[in-house]
Amino acid sequence: VHIQNATLAGGVAVGTCADMDIQPFGAMVIGITAGIISTVGFKFLTPILASKLGIQDTCGVHNLHGMPGILGGLAGIVAAALGKKEG
């Protein structure tokens, strides 16, 4: 289950900057980082949110779309800042 969620999280993160000029290595780094963040979130953060704060995330939306989406947004900012101007 974690492999499937990590794969989906990588797609979410890379999808935000997919139309920008990022190299395959950069896409792999973004995807792997999102997969790690998602898996660690499912393993450690979800129980903390449930026990300490009383927040129930039964579908794992926070770990599968929320945190990788934030990572993808930051990657998009970096890709836009480092991009080459055309014209």
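Note: Cβ is positioned from N, Cα and C throughout, glycine not excepted.
The domain 'Ammonium transporter AmtB-like' annotation in TrEMBL covers 1-83.
Taken from TrEMBL, the feature transmembrane segment covers 25-45 (among others).
Look at TrEMBL and you will find 65-83 (among others) tagged as transmembrane segment.
Remote same-chain residues near the transmembrane segment (25-45) are listed as 2, 5-14, 17-18, 60, 62-64, 67-68, 71-72, 75, 79 (criterion: CB distance under 8 Å, separation of at least six residues from the stretch ends). Within the same chain, residues 9-10, 12-17, 20-22, 26, 30, 33-34, 37-38, 41 sit at least 6 positions outside the transmembrane segment (65-83) and bring their C-beta atoms closer than 8 Å to a C-beta of that stretch.
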